[in-house]
There are 4 protein chains.
Amino acid sequence: MTQTLTDNDALLIDGVALGSRLIMGTGGAPSLEGLEAALVASGTELTTVAMRRYAVHGEGNTAGANLFDLLVQNRIRVLPNTAGCFTAREALMTAELGREALETDWVKLEVIADEHTLLPDAVELVEATESLVNRGFKVFAYTNDDPVLALRLEQLGAAVVMPLGAPIGTGLGILNPHNIELIVSRASVPIILDAGIGTASDAALAMELGCDGVLLASAVTRAQDPVRMATAFRHAVIGGRLAAQAGRIPMRTHALASSAMEGRADF
Amino acid sequence: MTQTLTDNDALLIDGVALGSRLIMGTGGAPSLEGLEAALVASGTELTTVAMRRYAVHGEGNTAGANLFDLLVQNRIRVLPNTAGCFTAREALMTAELGREALETDWVKLEVIADEHTLLPDAVELVEATESLVNRGFKVFAYTNDDPVLALRLEQLGAAVVMPLGAPIGTGLGILNPHNIELIVSRASVPIILDAGIGTASDAALAMELGCDGVLLASAVTRAQDPVRMATAFRHAVIGGRLAAQAGRIPMRTHALASSAMEGRADF
Amino acid sequence: MTQTLTDNDALLIDGVALGSRLIMGTGGAPSLEGLEAALVASGTELTTVAMRRYAVHGEGNTAGANLFDLLVQNRIRVLPNTAGCFTAREALMTAELGREALETDWVKLEVIADEHTLLPDAVELVEATESLVNRGFKVFAYTNDDPVLALRLEQLGAAVVMPLGAPIGTGLGILNPHNIELIVSRASVPIILDAGIGTASDAALAMELGCDGVLLASAVTRAQDPVRMATAFRHAVIGGRLAAQAGRIPMRTHALASSAMEGRADF
Amino acid sequence: MTQTLTDNDALLIDGVALGSRLIMGTGGAPSLEGLEAALVASGTELTTVAMRRYAVHGEGNTAGANLFDLLVQNRIRVLPNTAGCFTAREALMTAELGREALETDWVKLEVIADEHTLLPDAVELVEATESLVNRGFKVFAYTNDDPVLALRLEQLGAAVVMPLGAPIGTGLGILNPHNIELIVSRASVPIILDAGIGTASDAALAMELGCDGVLLASAVTRAQDPVRMATAFRHAVIGGRLAAQAGRIPMRTHALASSAMEGRADF
C-alpha cells in the first residue's frame, strides 16, 4: 500500500530522481561498518562527505577509498560538502577539489561564520553561491532560516536551498517553523531541512511544513543505536511527507466528537 | 530491515499481542468503503466502535453487521467504547451491552463531562473504572492528562490508561508533553495516547514521550485523503517508537560539528 | 496614569477588595526579614501560610507570632493553607485549625496525591471542597488544570479556583495555556493561577489568558534577589492585566507595515 | 521601592541615558491625540518617525511639525527611521534627509527585502550599515534574528542592534528565543528587540532573554485601547528587566514543595 502511494513521489534534483527524501550525512560515525549499516537502514540514496577530511589523506587515502566503495556498492550517490570553510574563497577551492576527486558537479555549500555557533555566514554564502553557479556547480546551499536569504539563494541559481532547523548538532529540532513554512511557500527549488534534527518527530514536522527532504547526520550517527534511529527517520520522513499531502484536519479551539451522537449514517 | 527491528515489538494487552501500535477508531468516517480502506492502510489490528450508535439499530442493524464483517475479514479486533456516556451508570450499562453483543470483555471507557468540551469527568471515571474492573472487564480508561488520575486508574485495575493529548477533534496535538512523560514514567500498564492528534509528527512525538501506542480516528477519517493519512500515521508511529528505543542525541544549547575537523578517524 | 487605570480594578473575593492581583506565599523564605522585604516589594495584600508548619510549635510559637505581627503591620491578610495534607480528612482538620487560630474562614485547600509530584488529588479535592463549603469555609481550591474539575469545584461552592501552571516549584511556567483559557472562559468565580510560575513573563501570560490573579512563592523567595524579583512580578501582573483589558492586536501569519507607505494620515 | 531599584538602570546609547527601556514608535496611530496619550503612557523617551512619510509633505508639513512639537513638549527624543527603503542606496539618502531635517545623527536603519514579508535584507543591510557608520551616523540596525549577522553589524560599527522577534505587524511574539539569547550573549552593544511583539508577556520575555530594550509600535497603536496597552508594556518591560537581573529559580523537571514539611526554620 505504502509502496503504491510513494512510488511516484521521487525527489527530483538536477534531473536525478531520489527515491528517498531522507538524506543522511556521514559525519560523526564512529566506524565504517556502523556507518554502512545506518546508511542502508536509512534508505538514503544520497550522502554528504566532507572534502576537507577526505583531502587530508591525499592519494593513498585508504579509509576514504573504502567509504566510496561502500557507497558505490549500496548505490548511494555522493554529495561533497565544504564543511570547515569560513570564506567564499575557501569554499570555492574545496568545491573544485570535490568536483575533481568525485566527478560530480553537485556540492553542498557550507560557509561557516565561526567555530562556536557553526552558523552560516549570509554574506559569504551569497558570494560563494554566485561564484559556484557561474562555474557550473549544482549548489545545495546550506543557510540559516532567513526567508529573504533563502529566496536570494534560489535567485542566484542554487539548485537546492537547505535551511537549518537549529544550530548543527544541537538536536533542538525546528526552532522557527514559521520561517520554514515561509521559505517553502515562496520556493521553486527543493527545500531540504538541514541541521538541528534530533528525533523522528522533528523530521516528520519538517516534511509537514512542506520541506522536500531532510538532511541529518549526527542525529543518527551519535544515537545510542544508529541503525534503529536511521530506520526511525526513514519512517518519519515518509510519514511526514504523506501527512503533508493528505490534507490534515484543521486545528480547532473547541472539541468535536468523532462519534457524533446523531445526524450521521450509522454502520 | 525494519521488519527485523520491529518484529518482536508487539504491544501486549491482556495477553493479546497487537502487531501495530496504531489503533484507529471508526468515528467520523463518511462511508464504509472509505473506512475499510483507511483501516487497512493504517495497519491497525484493533479498532473502537461506539456501542451507542450500534445499539440504536438493535437486532436488524445491517450497517453495524457490515462493519463487523469488514473487521472480521481484515482481522481487526473490536474495542467497544462507551462514547456518549455522561455518568458511571450509563457507562456500565453501555459496557455490558458491548460485552454481550460483541463477546469481548474489553471496553474503552469514556465518561464525558459535557457536550462542549467532551472532556473526561475524573470523578465518574474513577467510579466507573472500579465498577467495571469488579465486573471482570478489561478497562481501557480514556482520561485527561492528569498524572495523579492516570496512576489512580491503574491502581484501580485499568488494563490500559489512555490520556488525551488535547480535546477530542481539535487536532492540537499534545498540549502538555510534560504530563504525558510523567504519566509514562510511573506506569506499569500500557499508556496509549488518545485524542488531540492532528498529524503525523504528533503521533511520532507521542511515541517518543514513551507512550505504548496511539489511538486516533478523525485525524484520519476527516483528512482530505484518509488512506494517505492512515499510511502517514502508520509510518509515524513506527518511526516514533523506534526513535524512543534508539536513544536520541541529547539536546544541546551550543552547536557541535558533525564533521569534526580533527581528532576523529577519517574514512 | 497607571494609578488611574488600575485604581478601580480591585480583585473582589468574598466581599473583600484586594488592590493587588499578585498573591505571594511565604513558603521557601530563608529568613523573616527577607520575607518581609519581598512581601512589601510584591505589593501583595494576601499571603498564604502553611498551617502544618504553624501548628507544630503550638502555643508558644514565637516564630509564628512574629510572622503574624509582620503581616498585621504591613496590612497583609492571611490565607491559611492545608499544605502537606494527603486526604480530605486531613485537610478538614487542618482547615479547622487555621480557622480557629487565625480567625478567618478563608482557606486555601491543598490535597496532594503524593510527595513526588505534589500534584492535587482530584477525588479527595472534590470531597474536601464539598465538606469545607458545608462547614462555612470560603474555599480557595488549588487544583490541576483540568477544565472539568475546575468547573466542578465552582459548582460545589469554591470561592476561588486555583489551577496550576506546572507542578509546584518547577518554574516551568504555564504548560497548557489552552486549558487555562478554557477554565477562565467558563468560570464565574475568580481564577487565580497557582504553582509553576518561574519568571515575570509567566505571570504576565497568566493574566493575559484571563486569570484574575497569580499566586506564587518560591519564584520570589528562592530567586537570587527576592526583593527585585517580587518587584518584577508586581509589574508583570499589572502589565498582563492591563494587556488583557486593552484588546491586543490579532496574531497574523503575514507581515503588516506599521508605517504604511500610503493611505494613512501623515503627521 | 521600584524607583530605587530602577533609578540607576538607564539604557545608555551613544552617551545618552534613556530612563525607559521601552521605545515606542509612531507607526499605525490613527490620530495625533491618541498617539500623544499612548506615548506618554508608555513612558518612552525615544520614538521612531518614518522619514519617508515626513518627507512627502516637505516644508509646509503641518502634521509633521505638530508631531515634533508634541515630542519636544513631552521630552521624547526622535529616532528617524528609513522605513520603506529597499536598497542601501535609498537608505543612505533617507538617513541623510533625517539628519538634516531633525538635526540628529541617530538613525534606525531599515532595509527591507520586499513588501510582502517586510523582512530585512541581510546583504543590503550590511552595506548600508558600513556606509552610514563611515558617514558618522549612529546606526540602530534593524535586522533578522541571525546571530551571525547581528555580530557582524556590531563589528561594522552599529551603535545598537535590533533583531526582530517575528515579522513586523504579526504580533507573533518571539519566534526563536534561542537566537535572541545567542545574540545577546555575544553582544557588546545594546540589543533592542524590534518587531513581532503582540502583548505584554512578549515584551517581558524579551527582557528576560537579556535584551536591553524593546521597540514596538502597532502593538500599542492598533490595540483596542492604546493608552492601556502602552501602560501594560511599560510595566512588562520593567518587570522583565527586573526579572532578568533578579536571578530566577532554575527550571526543574520535578516538583519541589515551597512549604517543606521538615528541615526548615519555621516562622
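Just so you know, glycine gets a Cβ as well, placed from its N, Cα and C.
Between the candidates D:Gly169, D:Gly240, D:Gly247, TrEMBL assigns the 1-deoxy-D-xylulose 5-phosphate site shared with D:Ala195, D:Gly196, D:Ala217, D:Ser218 to D:Gly169.
Look at D:Lys108 (active site, schiff-base intermediate with DXP): DSSP puts it in a strand. Look at the Cβ of each of the binding-site residues D:Ala195, D:Ala217 and count the other Cβ atoms within 10 Å; the largest number goes with D:Ala195. Secondary structure at D:Ser218 (1-deoxy-D-xylulose 5-phosphate binding site), as computed by DSSP, is helix. With an 8 Å limit on C-beta distances, the recorded positions from D:Lys108, D:Gly196, D:Ser218 that reach chain C are D:Ser218.
Note: D:Gly169 (1-deoxy-D-xylulose 5-phosphate binding site) has non-local neighbours D:Leu118, D:Ala195, D:Ser218, i.e. same-chain residues 6+ apart with C-beta under 8 A of its own C-beta. On a Cα basis, D:Lys108 (active site, schiff-base intermediate with DXP) lies 17 Å away from D:Gly196 (1-deoxy-D-xylulose 5-phosphate binding site). The binding residues for 1-deoxy-D-xylulose 5-phosphate are recorded as D:Gly169, D:Ala195, D:Gly196, D:Ala217, D:Ser218; their greatest pairwise CA distance is 10 Å. Rounded to a whole value, the Cα-Cα separation of D:Ala217 (1-deoxy-D-xylulose 5-phosphate binding site) and D:Lys108 (active site, schiff-base intermediate with DXP) is 14 Å. Neighbour list (D:Lys108 (active site, schiff-base intermediate with DXP), Cβ cut-off 8 Å, at least 6 residues apart, same chain): D:Thr48, D:Leu79, D:Pro80, D:Asn81, D:Thr82, D:Phe140, D:Tyr142, D:Met162. Looking just at the domain 'Thiazole synthase ThiG' (D:13-259), the mean pLDDT is 92. Every protein chain shown contributes to the tally, and the Cβ of D:Gly196 (1-deoxy-D-xylulose 5-phosphate binding site) ends up with 24 other Cβ atoms within 10 Å.
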